[in-house]
Amino acid sequence: MAGGITDTGELYSPYVGLVYMFNLIVGTGALTMPKAFATAGWLISLILLMFLGFMSYMTTTFVVEAMAAANAQLRWKRMEKRKEDDEDEDSSSGVSDSDVLLQDGYERAETRPILSVQRRGSANIFEITERVEMGQMASMFFNKVGVNLFYFCIIIYLYGDLAIYAAAVPVSLMQVTCSITGNHSCSVGDGTKYNDTDKCWGPIRRIDAYRLYLAAFTLLLGPFTFFNVQKTKYLQIMTSLMRWIAFILMIILALIRISRGQAEGHPSMAQLSGIRNLFGVCVYSFMCQHSLPSLITPISKKKHINKLVLLDYILILAFYSLLSFTAIYCFRNDTLMDMYTLNFTNCEIISVAFIRYFLGLFPVFTISTNFPIIAVTLRNNWKTLFHREGGTYPWVVDRIVFPAITLIPPVLVAFCTHDLESLVGITGAYAGNGIQYLIPAFLAYCSRKDTQLVFGSGTVNKHLSPFRHSFWIVFVLIWGFSCFVFVTANIVLSESKL
């Protein structure tokens with residue numbers, strides 16, 4: 001996300017891309033959705049989930065359109081540069097418009113004037129063949145203020161992400177280990193409410209155990225922020241496999257409990273007070289826009305990419321609904337945990353100890369592998385934000401200052417609070433709102449404007465969003481800014497009542 005153009009990587013089929021996108025979207029945020037559903041009521045939750053899914057799909061098509069426009073501009077600039085170089089070498093040599101333009105002959109196409117390409121109606125100019133990250137697209141289509149605002153939004157979102165991760169791992173470890181060692185063994189999910197001041201091990205309170213785990217988590221994973229870390233293919237396969245085993249287990253166990261008549265949940269239809277957190281959780285749970293360039297570019301055939309993305313969103317909506325509805329009917333509202341996996345660490349629900357520990361510690365394994373990667377991404381975004389052309393950073397700034405300002409703030413936030421539902425809600429409602437709605441809408445508007453300016457008013461982007469009318473861009477922008485106002489007003493009113 002630091003911006004820049006990288007290699008496309010190994011190509012894969014559209015259906016493999018569909019699976020990758022499903023895995024990207026359905027992540028840790030889904031674990032906080034059942035509690036948010038119970039708090040807001042099932043009817044409001046379902047309506048908001050469907051609407052936000054539709055909005056996320058729309059802005060996803062905006063990003064794909066902007067990627068195609070960025071590829072076209074990069075290709076056009078190379079063509080112009082090669083044309084100038086050819087003219088410098090031999091002013092008498094020219095390129096005729098009657099030359100044959102091969103359908104996939106990018107190298108030959110890039111040596112011809114852009115008018116030649118457009119006159120023949122070739123769609124190749126908008127083919128997505130190079131991975132252009134969102135930071136690079138912002139630099140191409142936004143002015144300086146817009147670029148800085150883009151990086152500010154990305155950085156705030158990544159800080160929220162790290163704070164959520166830094167809190168989720170210690171919370172899971174505290175809940176599991178304090179239950180094991182106390183008199184209330186394996187009763188995490190039995191409805192008993194524990195305070196932070198309750199005992200965990202002897203004189204050690206639960207909040208003390210949480211902070212000890214947070215310190216250990218920081219000491220073990222924090223140093224990776226100072227180095228370069230890359231996610232390996234095998235690590236991705238392992239974490240994806242664990243995630244799906246955990247999700248399927250939770251759905252099946254909840255369905256079994258409901259079918260046996262052991263369901264305890266009686267969810268309300270609507271509770272307006274829970275909308276704020278639900279909104280943030282849903283936005284966070286549909287987040288994929290910032291990773292689309294890495295995901296879409298390697299797909300081999302992109303002709304029906306928007307239809308595949310729509311299919312993905314329909315499947316994700318169905319999955320989220322299934323997970324959340326089984327949860328809110330299986331468990332009482334007051335017993336649902338912020339991290340849904342912790343509801344399955346009770347002996348009465350699961351008699352097999354291995355499954356209890358697997359689900360209880362599942363966030364620990366998956367989040368721990370993602371934390372260093374997100375931290376390095378945030379560090380690189382800081383470097384890009386302050387980078388000046390031709391300048392270099394002193395060793396202390398590059399190796400110490402940037403990693404430090406990346407790691408310290410989210411750890412401090414996690415030290416002060418472990419309310420995961422609020423952390424996810426606030427991160428999604430503010431920074432997530434900007435990344436998922438405002439930035440894609442502005443990218444679509446600015447890329448369309450630049451495309452018409454460079455290629456002419458008759459040029460049509462082959463990956464133009466189905467929501468091509470300017471009304472949809474205005475609608476998304478109004479919705480995004482309205483959400484900022486609503487969430488802020490809701491927080492202020494909630495705090496004033498306290």
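Glycine residues also receive a Cβ, built from the backbone N, Cα and C atoms like all the rest.
Now, the feature entries from TrEMBL:
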{"type": "TRANSMEM", "residues": "12-33", "note": "transmembrane segment"}
{"type": "DOMAIN", "residues": "20-67", "note": "domain 'Amino acid transporter transmembrane'"}
{"type": "TRANSMEM", "residues": "39-72", "note": "transmembrane segment"}
{"type": "DOMAIN", "residues": "135-479", "note": "domain 'Amino acid transporter transmembrane'"}
{"type": "TRANSMEM", "residues": "141-160", "note": "transmembrane segment"}
{"type": "TRANSMEM", "residues": "210-229", "note": "transmembrane segment"}
{"type": "TRANSMEM", "residues": "241-258", "note": "transmembrane segment"}
{"type": "TRANSMEM", "residues": "308-329", "note": "transmembrane segment"}
{"type": "TRANSMEM", "residues": "349-378", "note": "transmembrane segment"}
{"type": "TRANSMEM", "residues": "471-493", "note": "transmembrane segment"}
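Within its own chain, the transmembrane segment (12-33) has Cβ neighbours under 8 Å at 164-165, 168, 240, 243, 247, 281-282, 284-288, 291, 295-296, 298-302, 304-305, 308-309, 311-312, 315-316, 319-320, 323-324, 338-341, 363, 366-367, 370, 420-421, 424, 428, counting only residues six or more beyond its boundaries. For the domain 'Amino acid transporter transmembrane' (20-67), the DSSP-based tally of helix, strand and coil residues reads 45 helix, 0 strand, 3 coil. The stretch in closest packing with the transmembrane segment (349-378), judged by the count of Cβ pairs under 8 Å and taken from 39-72, 210-229, 308-329, 471-493, is 210-229. Cβ atoms under 8 Å from those of the transmembrane segment (471-493) belong to residues 55, 58-59, 62, 275-276, 279-280, 429-430, 433-434, 437-438, 440-442, 444-445, 465 of the same chain, restricted to positions at least 6 beyond its ends.
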